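Feature list (source: TrEMBL):
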{"type": "COMPBIAS", "residues": "1047-1056", "note": "compositional bias 'Basic and acidic residues'"}
{"type": "COMPBIAS", "residues": "1210-1221", "note": "compositional bias 'Polar residues'"}
{"type": "DOMAIN", "residues": "352-488", "note": "domain 'RCK N-terminal'"}
{"type": "DOMAIN", "residues": "781-921", "note": "domain 'RCK N-terminal'"}
{"type": "REGION", "residues": "1-45", "note": "region 'Disordered'"}
{"type": "REGION", "residues": "660-689", "note": "region 'Disordered'"}
{"type": "REGION", "residues": "1039-1086", "note": "region 'Disordered'"}
{"type": "REGION", "residues": "1210-1237", "note": "region 'Disordered'"}
{"type": "TRANSMEM", "residues": "98-117", "note": "transmembrane segment"}
{"type": "TRANSMEM", "residues": "156-176", "note": "transmembrane segment"}
{"type": "TRANSMEM", "residues": "188-209", "note": "transmembrane segment"}
{"type": "TRANSMEM", "residues": "252-273", "note": "transmembrane segment"}
{"type": "TRANSMEM", "residues": "279-298", "note": "transmembrane segment"}
{"type": "TRANSMEM", "residues": "310-335", "note": "transmembrane segment"}
Amino acid sequence: MARAKLPRSPSEGKAGPGGAPAGASAPEEPHGLSPLLPTRGGGSVGSDVGQRLHVEDFSLDSSLSQVQVEFYVNENTFKERLKLFFIKNQRSSLRIRLFNFSLKLLTCLLYIVRVLLDDPALGIGCWGCPKQNYTFNESSSEINWAPILWVERKTALWAIQVIVAIISFLETMLLIYLSYKGNIWEQIFRVAFILEMINTLPFIITIFWPPLRNLFIPVFLNCWLAKHALENMINDFHRAILRTQSAMFNQVLILFCTLLCLVFTGTCGIQHLERAGDNLSLLTSFYFCIVTFSTVGYGDVTPKIWPSQLLVVIMICVALVVLPLQFEELVYLWMERQKSGGNYSRHRAQTEKHVILCVSSLKIDLLMDFLNEFYAHPRLQDYYVVILCPTEMDIQVRRVLQIPLWSQRVIYLQGSALKDQDLMRAKMDNGEACFILSSRNEVDRTAADHQTILRAWAVKDFAPNCPLYVQILKPENKFHVKFAEHVVCEEECKYAMLALSCICPATPTLITLLVHTSRGQEGQDSPEQWQRMYGRCSGNEVYHIRMGDSKFFREYEGKSFTYAAFHAHKKYGVCLIGLKREENKSILLNPGPRHILAASDTCFYINITKEENSAFIFKQEEKQKKKGSAGQGLYEGSSRLPVHSIIASMGTVAMDLQNTECRPTQSGGGSGGSKLALPTENGSGSRRPSIAPVLEVADSSTLLPCDLLSDQSEDEMTPSDEEGLSVAEYVKGYPPNSPYIGSSPTLCHLLPVRAPFCCLRLDKGCKHNSYEDAKAYGFKNKLIIVSAETAGNGLYNFIVPLRAYYRPRRELNPIVLLLDNKPDHHFLEAICCFPMVYYMEGSVDNLDSLLQCGIIYADNLVVVDKESTMSAEEDYMADAKTIVSVQTMFRLFPSLSITTELTHPSNMRFMQFRAKDSYSLALSRLEKRERENGSNLAFMFRLPFAAGRVFSISMLDTLLYQSFVKDYMIPITRLLLGLDTTPGSGYLCAMKVTEDDLWIRTYGRLFQKLCSSSAEIPIGIYRTECHVFSSEPHNLRAQSQVSVSMGDREDAREAKGPWGSRAGPGSGGGAHGRHAVGGDSAEPPLLRRKSLPWARRLSRKGAGHTGKAAAEWIRQQRLSRYQRSERQELSELVKNRMKHLGLPTTGYEDVANLTASDVMNRVNLGYLQDEMNDHQNTLSYVLINPPPDTRLEPNDIVYLIRSDPLAHVASSSQSRKSSCGNKLASCSPETRDETQF
């Protein structure tokens, strides 16, 4: 291909540096080389030529690089510059329109002046012509047009009007020129242009034709041009502001201007036309127009000639057409503004405080939970709540926000958090906090989290100084919002809470009561004693105060934490649960007796209200000191303040529901090794046993060697011969694989070698073992089954609390995951290191799946809410399938403890539903009454919730809301649930009060006993009582509450065991079936046999009043027999299915054959429905920080915060045990100083 020759530079015509003639031709360039590159030639000539070409080419490159290019040259023309000044530029265009608007108003004002100065009676005619007088004759039908065509215009007034008309004409023609786009007729036939020509051209003509200077010109029509100029001016003003209230303001302004122009046009037109009639004044014409347009029509002023009458008709028609259109547009914009919510005032944002709630969809339950919890704090009463939601407000939310209580404090804005305009409307940069909540009812919860993450990023980008409170559903998405001040992961909290409920009953209820704000006034008007006490204790919350400023704890400076906790509870009734050092940001729960309090410490305590709102009334304190001894009467007559707040603060993960004694239990000694054991020196005689005092400074010799980290002799030295895998083969360590980023490492029991994935399948054998059902494994402890739809990463938090290091190895329960879908490889990799964790595919509503996973060998079944059913077409129907399936399992397996998660808390009333249960109906009425009284916990008296058998994650939304006032609530809750592990912080556990422990008598004495013996802090009681729920008359129903306390039953004088059974000398009391201490306890009678004397006693007491009670009781007995036959039928169904599946039926026990001890074990956990008698049942409830004088009852379960054993492990290698390899150090009795782990 031929190359184009480059033009020669002027230097090429001159001699080169070597003297070569100008005409000499340069050597030919090598083929294929660019002329812009130097050539490689041989010899001096070639090099010289190459150098010359290089210089020439460089100069050519320089000339090309210096070319200047101008952009937007089309805007430099004269027309474009004028267009930029008059139209495009916002500021200059606004000034031009403001000037034009002023001119139009001036012309209208000049017209009014002309009317006031003109009098037709003085003569009518053209300029310079002789004047003629005119008098109106009503009898004549002819109209004299001279008064209408000619007016009297002063010369000065004419000159001003001509000047204004010339300016307006020139401006109009210039704008027509600038707006011309090829069609001149489109510009000419515009109404504004026609009006301009009518009001300006006649004045210009009068300059050249003087007789026309008195010609009438309808200058008052300029009011419409002024209206048009005002609209354009407002549009220029709001051109860059896309706000709904701008459109609203524009429309209101247009409507007002339209009305004003109609009235002004009618007034001036009628006044001028009536110059040929009655010659009305301007004021009279205005009066007539107002009366006419308002449809009043007095009739005292009427037009006399037909032109004015025609004008009135035209004006009315125009008003009937124009005004409705304007009103329609105004109403439409008003409705749109109501939907979008308008703006939050900038002035209000700068003078008042507000928080923003960002949600993807707003439901009435979520709104009321937020408002009730947020405004429950007195210092938040003056805050505004701005709701930013992309969806339209539904009817229920709109109705609630119209209530005066909320309408003055809650502002709803429809908009997106991803738009800066909407964030500006909500004044996000001035907000005190922003709450971003996820939509948990979405089918795709991961997509819901992604939306939450984007909202959090958008808010942080727009307002970096606004604190963020974020709710995340999936734990794997939590690290995306770790920059937020407070984050709550729903699945983390949910699974950890459900896991703890298997080993510590009613954990969901305990946490829910603590994170709800309550004054403890619920149920105080109820005739039921348990409802009054339960409602009162539910008012407890967690508060904080600096120790040096506290009246509660100031006197205990320099004392041990345990000493301060006990004496503060004894003196004030408050429960000290933890503290935070000034130099350390970590919160420590029950740091133990070796921790000495300092004045700079921040104390966290449970009480009904915070110390600042408490009054101190000392009752006979000195008399108590004189009369009582150190171990007697410590709590009798002492004053106590109630308790108020949330206990969301307990340490690491596990809760020991079994025996909490630290020393190995003797097989035949009952509870002789327990920390609650009866002192031997005071074990006989009538004198009440004394309790050792709590020391001011810890003495290690007085503490039990709570050696949770040491080798368990009963586990390792004498393993059962029947166990396939010795518990000694377990090791303690941190799980090697975490399923998601951000999980807190927890020391757990682990397998020495990871289990193959095939061995994790419960219902299928593999090459390593041939077991195909739970019976073949030969588990010594009962199973824990959790039913879930998928094996999400949150399920990992269900396993960790049940395998925590402080759980005794002999008490580890096998865990079976019943999954609808097969787990992925990533999840199996995370759980294969834990002992006795299995999975199988199946559904909770399939009886075959339940039997295959070993439900007849299980004590606990946890039913997790399925993501696919969380959204339903009809509200509150998302739980329908779960409720019916759980109800079926209650019928088929009445001895099974079932904890159910529901989407909607209001559906808990359908759990354990019985249609003719009068007691449930009474509780329903109580719930409605509490809701009417404004309670935030109206559902708390429902029996399934009080017993901890039902749970909804929406109950924990208040945890995020409370963090705005109490920033320590989320860390305390995570410590309580074991989601975080802080060195030196204690953990939540539980112990059971047996019959042999009743010598302690009261909760206050138990507090002292635990503090002095094992440095444990009790925080509440889980109590189970037996009630007779009957539909008998009120006088009998008043006696229906039967306590388990033996001393209160007249037929229990001889029997001191639980449920009236005779306890032998070595009886283990009411110990758990699977956690029994041992002993030769006599077999108590059946529960149904014991219920008959109660029924006879009640019937004898009521027989004197009416005979209907006896007849009703007989009917109930017949119904009981009918129900027994129904249970037998269900039992046969289960056994037949087991035979069909090839499963052994020996493990399945009909409820009719349950022994009383088995029944009592179920009652201890509060989940047994006494199906033998629908009117006799057990109820369970949680008492948070009860009064010190509260009587202990058999089978009470006490919640404890136990100090962390790792905080006091000796650093010396001699304190380590070497009986088995790779073990952690134990507690040394001689070690008093706190050592770091």
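Numbering starts at 1 and runs along the chain as it is shown here.
Every residue, even glycine, has its Cβ placed from backbone N, Cα and C.
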Counting only residues 6+ away from its ends, which parts of the chain sit with a Cβ under 8 Å from the transmembrane segment (279-298)?
112, 115-116, 120-121, 136, 262-263, 266-268, 270-271, 312, 315-316, 319
Are there residues at least 6 beyond the ends of the transmembrane segment (188-209) whose Cβ is under 8 Å from a Cβ of it, and what are they?
107, 158, 161-162, 165-166, 168-169, 172, 176, 215, 217-219, 221-222, 224-225, 228
Which residues of the same chain, at least 6 past either end of the transmembrane segment (98-117), have a Cβ under 8 Å from a Cβ in it?
151-154, 157, 160-161, 164-165, 167-168, 171, 199, 219-220, 222-223, 225-226, 229-230, 233, 264, 268, 271-272, 282
In the same chain, who gets a Cβ under 8 Å from the transmembrane segment (156-176) while lying at least 6 residues past its ends?
82, 86-87, 96, 100, 103-104, 106-107, 110, 113-114, 117, 187, 193, 196, 199-201, 203-204, 206-207, 213, 219
Roughly where does the domain 'RCK N-terminal' (352-488) sit in mean pLDDT, to the nearest integer?
90
When DSSP states are grouped into helix, strand and coil, how many residues of the domain 'RCK N-terminal' (781-921) land in each?
55 helix, 28 strand, 58 coil
For the domain 'RCK N-terminal' (352-488), residues assigned helix / strand / coil by DSSP:
59 helix, 28 strand, 50 coil
